[in-house]
């Protein structure tokens, strides 16, 4: 009923209007004909300090209205390459129990994985990546490009093995994640135990501390990253606390001294061409940033991930034709 | 696919989850079988001071997740009485032009009015009520219960007759609003012209200034309100600047010294039983209240209006059966 | 070493200085010679919507520096009547598990109860009052004056019986709380189930909805409250969401339309002379109020509760001499 | 050069435009032909807790653009009765020294007093009222209607007699203020010394605590106020912490449980007809309220004071003709 | 009347005092003897997403009090080289109509241009640069150094040719701007149409995307900029969204991944010696940054522009002598 | 009484719990067996613009809970090398008088210096470093590595020699600071007097302006810094306004265009091995940053300083054994 035909596409309408979905993609309860599913995982039962990441998906949806259809830098238009929909939020019915919640998240992602949908998610705290791996790494282990201030390969803490500081130890132990095909970028911050990331080192993950990052620059690091993950199936996990807290104050465990958003964008873009099977942006905790900027940054990183993942999925779809 | 059956109803899921619609009502692009349409009107081209009300619908949607199915005070459950849906936002394609935008808003509301849908809207600045009246008062003039710090019956200002301080003068002039069946509650604030609300007084609107309100109390005022509007078709227009600014700092023209939210709730509830044909909540300007409280208050008032309107619509639907 | 002798009392020093403890009371790891213990309960694992109450104790401590030694209205100086100390926070070592956390809280309060220390606590979400009752109501059931927007006598939700909307149902079921000696003041808000507070009504709790409160005024309500709790042991539980959200925006489940802080102060003061055995202020969630006002309000209510509790404890101490 | 003639009056232009002066009154470095001078006193060297009131004048100027020419309630148009100008800020050249700053403030107000200009000022902390009294009460003692949470008749503190908690003790001691013609309204808050306001009581000031205020209501209190100050020269001193902190969070020593802005407006208006010789609004500390609402409230109270003062000055000017 | 003679210069007084003008320059309604006019353009009727830039001039004035007389880096003291005054705001009397407002802005700048005053302005959204060009580029086309995230050479949108995404297309079409002497720096962000900046490319503007900027560094880019604009008359247009949003969150269309303020300062300083005929800082939208930092950044950039423009104007004035 | 033994160490408990001390170090009123004292200096009587630094120590304590035991980058664990305690705040009893307050601060630091305690402090404004020098530089002059936007070697201003823009001129004049062993890094900002830092240049301090810093990079600068201070006793003074304001908006005199937190961390770490005798972090003014990020940054810098100071103190303690 719009005079301008273009307005029948909600992405063309003024961006402050309408129901807010991820990137203004159509909201779909049905999963038919979806290649990439944008999914919210509103869970923060795994945080060890400041909560609030449960509100991440909604605020990222809100701010992601500022995203548009195409990537100016790479020229990728994900919507031309794949069918993309906002699938809503993963079903979490028992949020008071950490392990049961993780099981519910796993079940949800198993269902979409079964239908061949590649997930690009918005957390939620970092504990949610473990059940995603359980769902999508069932046939083969995955490699990972991991942006974060913390390796998240810690041990039991406060009575649990499954908090947001340990998912990747669990993922390796469960045979889901290949540590040799894992690189962790942006690591920093004071420690209670100098050996806290020993698991990463012992299992052969490549750990890039901020000092090295500052010394070598993002390009050199990302060349190494591409070599490490190779052409096996690879997942991108972006914890916003990898960024300096000025870019992402709305997060649970900020660590001063991180990389910039511009560096992050260029790093993600450099992953184009890899065999990408999904990705997530986690630890956006909106209550700690009333300005909404953290969620805008989260939405921007989600869009960058979507572009390279869609490029990879698009390649596979073409081959299948 | 939810284990708990109740969760198939999105209103039963944790309230921080999911796509945000008004009151968590279903979003419907189709207008079939809808009795009451919840509509956003993201337009603030009529404001004379601080803009931002264009962002009102989205933030009210977001905060309205805190609303539930039933009114504890009155016992009304609107969803049991009528089919209610979030219809999305009115189509505004030429937001740079005040008059054309108002025409587009009128066209939208005409379309839903034609289908017999009763609108309960979220603005947008107060200029949007005029085109709503043009759409729904075509068959007969309407009466109005109007909560506001300003009568909004001013004259031309800054080169326009259609700004947010004048809609009800225009509505009377155009034969849409019956001034004798109009009551304006909460009026206050300094003036550039002591006669600025002369039109209200001259045409016989009942103007309740805050001094009188404080003196007599809400109950006595509302008894008078019911008498004034009688049993003719009546519209409720709630400008959040009628409230004291501590309850609604996120608004364009705050005036210190208004009524409280509790008084507002009790006033709206007292309208139950009238012949109600629609209502709106306007002038929520989220950028001026990063806390979100103004939008929460707006959502709460919208829910109260929805309850009494649904009760009225429900009565009519029963008679029609 | 201070020139001014008075400064040896930290309460006399400029209030923006020093380590922040509750009310600037001495921090004591030892529990000897303490009559009233001010305790933080940094736990929000029981919330159903917005988290953050785990940060309540710290921010209430911070803002409570604005409290002084004496109550201007009642003349009570709690520090002259009893030994009062900030005991630090209850030990919660397994915050990821709701039930285990509640057990840990119970254990902590049992320990101080054993030593005859009367607790005045700062939450944390409202689920923490249940373990406090388990610890202090072991010898006899307690009565309660309960300020809140919600009765908190709900049923299982999201897979748990112990969330912050249910502690008082559990407390009655476990024989800790006497529903006949319970009054709940400030109840309001929309509902998913009109019968959600059926348990309160069925067991004989006195439920004061906001409409009745507005109609009758605080004085009349509090006369009734004194009659209901009588001279049996009585606990004061103050959920800041009983206040209108403008006074306490930093909370997890705000409901528009509550009472004012002035009314709350006068209500608490009117409890002087009862047989008081403790109290708490809960649901202060600082991330949702960067201004700190909610915590200031929480600290003020905690001080008011401290005054009437200290008066009661002081009476008992005198009798014991 | 404006097409619309009205625009040559800056008060008629859109309120977000132009250089911000108090009430959009003309800024005048010259003092000729000024009857009432609007003056900023950017000094907070007398505060005992949170600083920031030095920024009060500027932010009140900014928010006062929302004021208009006429008082809707009383019909007073101050600009029709007197010549009114924004005189800029009092000259404070030694802000690091409390006593010298007060001397500088006194000197400034003496200069304008000599020229017959009646001051309506915006502080600054409450210590600034003392030097204003020194300047304007040289011929005869003044009476005072004083809105505040604190009597400000305290003793030496932190090595000084001149901090913001003591100006009115000093003013009585110096023979400037007549305690028998003084009423203090809104007093409350916890105390370190129950006798801290002994000076007020001993010298015969009328002290209205919030309990009495809540009990009797503003009308009864103000009748008494008018009797107390009689027809002698009277000053209005409005400390924004007399208001409940929700209305004025941006202040140095907030005390929960104050009066409302609506009550304050009606109280000030009820002073019309007294022999008013000046007034001030103090303790607006903008850094503690990024929303700007406190300054808007301060500007509104300043406008209300301006109206009744202008009415009084206008009477005197007429008599002089 | 100041003891310290220096204080007769308002720029020497404490910076939180006094009426706030741009850089604390004298406010002048008269235009005689002014070489450079600091002008506010409070208009945001051309924005496509978040409004609020109408409040830019006032808040930039407020924050610009932190500016001082001299540029530490370049040694330029603009006030020694030219007569500089704050001329107030451009007259906009019909803010509801985009085209008419632009006409009013043009008329204003024509008037000051006629008197030989060089404008350095604070917007307002970017649509205001077009009418400035119409006023000052009447004798000869201008070149431009343009800092921005967007080329602003877009086409019609939402029914208008004159929104803030299109001024420079219009300026070229109207023969005001020489595209060959134009460089646009900082371009980035997702796009709805990959060809959206085709006009820039087709007409020969030099477009520097952020990737190239990051690769080459500001120095190399600015050498090229100087070559491109040469010694013809050149204008500097600084859209704060060219900066990364952490430096300027208070803007209408933030794009993650921009340059830093330090880079911006060094880039503007490197323009010293060019033939500069004016400049502006646009798109500061204060409601989206309650901290005031965006306006402080805007004021700082305006000062940097003022310095290089004053140096250029000073050269010309010397030649004229 | 904790089940987990580790919890007996408060540093191991969840970081949002407990009384907040600097770095969660034990609070000690006794000074026995303390090697390094963490001290708050809640004084802002020396600021020339925006106040609030008096609240710095408390908020830095609060945010420093995010610090942990060990430095990931250098491997230093200060608590293993020295006894470290939070000594509370310096005693300031006459905060209304600048000079007397400085005397009180000097007295306090003399007392701890006498006991051989090395101070690492949190201000307060920068005027407090002068009395610290008076206390600790009594036996020999000190060298300084000074991070700041301002040299703080200014002259008398607003009637005082001791404001926060002049401490290091005074310190040189009093023979406490060796200008030849002083380096000042990050200097920038507009100036009222181009010669304002003449004293620094004339006495031989090394002044590193931001342009040079940007050109050469932190490494080269810090090599020079180490040469300048040599192996004499050296103090680190970190004014957070040396950082770009995006990292530290909560400060009194922000200057756009500073260094990053990552650069600051690497610079401080590079001071390891020097003969360090103390350090401070000053000018954190929390009211200007409700997010708390500035205090988090302040706490992080304080931790970095603590690490290198502890390393140096540890070396001396070993030698003494």
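Every residue, even glycine, has its Cβ placed from backbone N, Cα and C.
For reference, TrEMBL has these:
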| type | residues | note |
| --- | --- | --- |
| BINDING | C:126 | Mn(2+) 2 binding site |
| BINDING | C:148, C:150, C:152, C:239, C:241 | Mn(2+) 1 binding site |
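Candidate binding-site residues: C:126, C:150. Fewest other C-beta atoms within 10 angstroms, C:150. Apart from the site residues C:148, C:150, C:152, C:239, C:241, the chain places the Cβ of C:126, C:146, C:147, C:149, C:151, C:186, C:242, C:253, C:283 no farther than 8 Å from the centroid of the site's Cβ atoms, the recorded Mn(2+) 1 location. Between residue C:152 (Mn(2+) 1 binding site) and the residue listed as 'Mn(2+) 2 binding site', the C-alpha separation comes to 8 Å.
With respect to the residue listed as 'Mn(2+) 2 binding site', the closest of these binding-site residues in Cα terms is C:239, chosen from C:150, C:239, C:241. Around residue C:241 (Mn(2+) 1 binding site), the same-chain residues at least 6 positions away in sequence with a Cβ under 8 Å from its Cβ are C:148, C:149, C:150, C:248, C:251, C:252, C:253, C:254, C:255, C:258, C:283. Other C-beta atoms found within 10 angstroms of the C-beta of residue C:239 (Mn(2+) 1 binding site) number 28, with every protein chain shown included. Just so you know, the Cβ of residue C:148 (Mn(2+) 1 binding site) picks up 24 other Cβ atoms within 10 Å once every protein chain is counted. Its own atom aside, the Cβ of residue C:152 (Mn(2+) 1 binding site) has 28 Cβ atoms within 10 angstroms in the protein chains shown.
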